[in-house]
């Protein structure tokens, strides 16, 4: 039969269960007998070979088998899933609804096919319909209708329900569902006022009555009728609290309300308005404001643990869990509201503690948190189908909280353990059913419950007749001996059957031949295999599989033929049962054979229709007959033609009994009964028994039954029939063949009779009632109730409709679950059972109605002041009492005359009326009327709302602008009527309300409005009304408001631009028209932009303060030679007005900022070069290009530079002619404009070509012997190339030789010896140099004559030798002569020559060379070398020039701006080498971080850019030559423009003040020219110590918040920029709560205040005293040291300052002086004075003047007279007479003037006086006075009277008063002393423009400890901290300025030295001298 038919032989692991698991995705198990790691291994090698041989057949068979099993499984699944039950919403366990709305609740269970859905009460009672109250729809939906409070029935409206679903699978029930109706209860919510400290947290809670707390939740909070949006400082907690963090004073201005909503009725409530009292911080321990308690939360949810505390300082919060800090977990969030834990887990359970701590104490809140998992139930197994008598186990697995109880149900009924069912396990979680019966089928449910939460799961169990059936089997096949085969048999049954195998009716025994296996799948399918690995002939035959279980058996068989000689096994005899089928198998083994035949009595079968012979040799006998089929049968097998083998078998037939049918007639009690059972056929012996209702009948008196039995008959006799004899009677007959039975029912009839008769009955409406009627009889009587309406004679009875509300009980009584009024009337109870006559009995049902309210208004309105009546209608059994309540208080009309109650009866109704006369606002509450009678009580709830016009709104101003204001209002009480609109009225304060303006019908949804079209700076009165449908409110409180200024509406006028420099434009304009200014013009914004190509078109803005009607401003730092557009805008306090029309102007030309491009140089010849270039970028020309200038200079081999030359051209090429040959040149090209030369290009180097060299610079020829001479020469001054060799020519005149002799010498050799000459003959000798270009010009010719004796001659040449210092220099002095000369070196001094002697620095070599090591500047000079012998001498002079670093330049300041300083200098001596460049170093004044700038050697000025505004800088300069950097110049100081900020006194400091806030006007600060970078404020209440600091980020306006109301404050402001800080102080007072001002603080103080004041005054005094004492000690020590130094020094100087301030009234120094001062003098003793003068008048020009102008400018009346004494020491080394430091080369320092009447920038000058004695012989001199006018301006100059010299030089800008002095080495003492004196003089404001006059000078006597003139006080004879160049003192007198100069600018230029101390100089003394 192919591969599918092939037998399967495998080890056990390959058969059976293994294949099935693989199909289902499971892993193959390892058999116990297999080695580790080897799965399914064959057991023997023989098995392996056989297995491998038949692999294809095996897998083919397995494939068919698995497909078959899979199809069976699918069929099984479909069978199981066709009927099922399920839950739609098993978690539904609680339903709460509003009584006014009702609820519809679908059944949470269902089924497929459609299940029957029913609702029950938790008690198990069925649900019945109550008209208009409760109804169950056909689809299983339970509906509870809305109802009035009087119709409330707790049995219906507050009870536990459950729903069931039932179909063929079973019946399941839902968990109990609590259904509760909620009434519309009167309640109010309230918020309590709270208190909090400023900066703490305030907690508001919404207080909800406990009765409704479960249903009412907070939905929002309002602040002044505006909903609060969580965020910023406001937080809403999950439990409805409002937290306000960082409480501020303004929080106390608002009211706070909570809004609640009823979850079920949807009603909202608004609480009262609560206020917050904000207190100033007061040091206190923490107090808990909100906390948490113990609780339970389900896992997966979130919880918020509140913990809020107050206190000062603000407490810190720390959370602990189980006594330890919280672990780090992202689920735990610490918020302001407390600790929030999300996604809760069971491990989060524990004890939580919140610790709040500050420096004054701590508090702790703790609570236990229990996290419980929701219950989850899993019941297994599920959907089990099994057979009867099985043993079942159900396991209920519960996950979640460990504390739970388990309840079991079957088909919704609680399971009670019995003989079959047991409940086991610790939690009753296991259910066992043993010997399951049919009745145990159904739905099993496991319920787990914990604290009201229930979870369940269910399983459907189907118990059926589980007789096995074969569902898969094997087929007949033929195999060869040794060929393995496998047989499979699959059977199904309940319980799962077991399968056994037989071979030819003999059991198959597992051994080495037969391998059997069996397993059961999860669906109950049992699969068994038989594997025969090596079959033999006896292994063939008929294989039968038999499946058996407790329900029965099934079998299947087929033949397996094993090839071999056929034979028949011995066959056993067979017993057959008559009437049934019997199979006889011929046990043939071997194959093949031809046929199998059956014979009986010699006849071949079959011979009738009941006999069938199958191909496999099996004989079937159908409906076996004893006579025909009993006998011997012969099996004949034809194995060969004509050859057969035979075997016989005997069949015996047994006949079963046959009972003759009978019936049992019905009878009645007391009669006789005889029942006979006769067996008509069957083999004897036969046994007959009787059973009643399945139980064996035992005859006797107890049963009342007698039994008589004979051989084949039995009779049952009852002598007295009673009701107990009713039942089913069975006759059972059995013999050896079978057992048979016959069953019939005996019915004993009894007529009906009443056990309990109906009686008249009363029932209460809405309650349950039972109408008793109990009957008995048999068959059980059927009871039927009938109803006749009415209370009179019954007219006609109708059957009572049986619904859920009305049911007939098991005993016949009628149950009315909910009595209605229509149920009254006559009832008839009628019973019948068909035996005898029917019986009946009537009764009357009376329904008693409890008192109930049938009519009342739910809500009603009343107007305040009017009469209001409330009606309430009640009905019910009389008498009825009606009671009225107001809220929870019973109304007593007798005690409260405002109430009256009247009663009116109308039919069966009672109407009660409550009259309120009059209605008041407080009557807006709930009123209730209560009706009471003997049967119950009803209540009607009436909400009365008393309406009235609203209260006036509380109006406040939120914002005031120039033409508008923003108003905000709070509507406190709306009159219980919706606000319909608002009206706002406003007028000018001076007008009456008859001239008002009105804004009407403002939407009620708004709580703020903008009033527009107002006039700036105008005072208005404002009031407001609110409207509802009742009327208009009273006017609100009147507010008075002033509008702000508005930005100007007009632009500035007459704008004029005037270019001033290449980077500045002056702008002038006039203020806008007066009517368009809209306030006081505070300043202007000047916008400017470049209008050239590439500009971005954006305006740059600068700002300046207004000074008057006409303004001027200079724009600087502009682009050069660029067109600018300028607009001007005016601004006031409100803002900026429109801009003027743009006007264009172009800055002046400037020098180009970039050099020409692509500069190239080409050497054309040895003395000519061509330079080419390209024009610089256009944008860098900064003007009109006038031409180019080529600057070039030569670079000599010794490193020196040649003279700098330049050529000017307009072309972009120039030819340089007349250059030095073969010389390196440096070339630079620049472009120039009208403004001057631009930037030079980078240095370009070029070398001219070689040419014929020049003649040697010198030549000498001296005889060295009688036949030779030595020639020496110098290289050409102009080599014009590289000297390749020298040619020496020698000729003898008159010798007749036409050509001279030529000799060649190496270029390194500068001498040559010519030999073989003739003694006494003269020779002409000359030389020439040779380059690659050829031989150059010859030198001069010299004559020489060889001689035997030669006078001394020097071959070396004299001249100038230049060398850098610190090098070794060799000065050669080679000589010849006979005898040998001696060499001597001398150095010339002024009057004589000094011999040079050898030492460590000097050495004279044997060849006469002088070696100088590490030469210095003093080694420079003329050196003479003399060679001497007896015949003569020779001399050369060498000028040694030692190059040293250059001398220090003279550095001055030229100009300054806000961001730059321009410096100029004059170089010092170059040190013998050309200056290569300059190094400029600069740093900020108070730092030592120097920055370097490298400057070209040709520059004499430089501008430092990008400097800080208003900042002092130190600058120094050094020159650099080929030797190195020279001495650094004196450090000078300069300050960029700008000063510290100053507050404008015209500006108000405070712009707005209320009770808690103050607005500061930061725009009052003027920047001083430098942007303000920091603004710091300190403020405190007066009388307190601690300052509160604040740092402002903006410069417009700042508000101080959290101020105390009605309190005076001190305020300190500090504004800082890069130039310094300005201070401003003030006092102000906050207003009272109502806006009123408070009076100044009176000086009434207590005893404690005196102590505080004394302490506050005494502490600084003590500190100052200690400081002065310490200073005095330090000064004394220093004086002693200086006096010691003074006595031991040669040069001393004494400086003192005596300051006398006098006035007519003898004011002290600290007393302010009003007006110009009268007569004070400042005496300053200063040596060699250098003063700095600054002109601060911005409308004057500074002009250098001549000596004549100096003299003319002096007004002698302004100076004191004095005597000037000169000493010889004063004139030593006095220096140059004229200081040229401010003069450019080529200009005249005296005649240069720059007189301009227009505005100019500030200029700074310095004056230096040198006191000189006219002649050496003078010991004294006439008085000379040097006078300097400190206020020198315009044409006024600096005057020197009888002075020997003066000089004027540019100096740096200085500031008013320097506080920091840093010591430097290069600061001159003259510079220092004046500055320190001025430092203290400046403290008096009236001296800042004083004239300082040199009145007298003194000299010090070196032999005396004191000065020859001056004071005798040794304390005043102190030396300066630095030593001057001459001893002497000059006294200065300061004269007061003129009255007109008193108020001029305060910035006076002074020389500022550096000092590291901020204390006053120790030599300064101050005294008082009184004079007129």
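Cβ from N, Cα, C; glycine included.
Noted in TrEMBL for the protein shown:
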COMPBIAS  1793-1802  compositional bias 'Basic residues'
COMPBIAS  1803-1830  compositional bias 'Polar residues'
COMPBIAS  1838-1852  compositional bias 'Polar residues'
COMPBIAS  1903-1925  compositional bias 'Polar residues'
DOMAIN    175-277  domain 'Ig-like'
DOMAIN    286-366  domain 'Ig-like'
DOMAIN    374-459  domain 'Ig-like'
DOMAIN    566-646  domain 'Ig-like'
DOMAIN    656-741  domain 'Ig-like'
DOMAIN    850-947  domain 'Ig-like'
DOMAIN    949-1046  domain 'Fibronectin type-III'
DOMAIN    1051-1150  domain 'Fibronectin type-III'
DOMAIN    1155-1251  domain 'Fibronectin type-III'
DOMAIN    1255-1349  domain 'Fibronectin type-III'
DOMAIN    1351-1443  domain 'Ig-like'
DOMAIN    1544-1640  domain 'Fibronectin type-III'
REGION    1777-1867  region 'Disordered'
REGION    1903-1928  region 'Disordered'
TRANSMEM  1654-1674  transmembrane segment
- Would you confirm whether the domain 'Ig-like' (850-947) and the domain 'Fibronectin type-III' (1155-1251) meet the contact rule of 3 or more C-beta pairs below 8 angstroms, pairs 6 or more apart in sequence? no
- Query: Which of 175-277, 949-1046, 1051-1150, 1155-1251 has the most Cβ pairs closer than 8 Å to the domain 'Fibronectin type-III' (1544-1640)?
  - Reply: 175-277
- Query: If you run through the domain 'Ig-like' (656-741) with DSSP, how many residues end up as helix, strand and coil?
  - Reply: 3 helix, 44 strand, 39 coil
- Item | Which of 286-366, 374-459, 949-1046, 1155-1251 contacts the domain 'Ig-like' (175-277) most, counting Cβ pairs under 8 Å | 286-366
- Query: If you run through the domain 'Ig-like' (374-459) with DSSP, how many residues end up as helix, strand and coil?
  - Reply: 3 helix, 49 strand, 34 coil
- For the domain 'Fibronectin type-III' (1255-1349), the mean pLDDT of the predicted model: 88
- Query: Within the domain 'Fibronectin type-III' (949-1046), how many residues are helix, strand or coil going by DSSP?
  - Reply: 3 helix, 48 strand, 47 coil
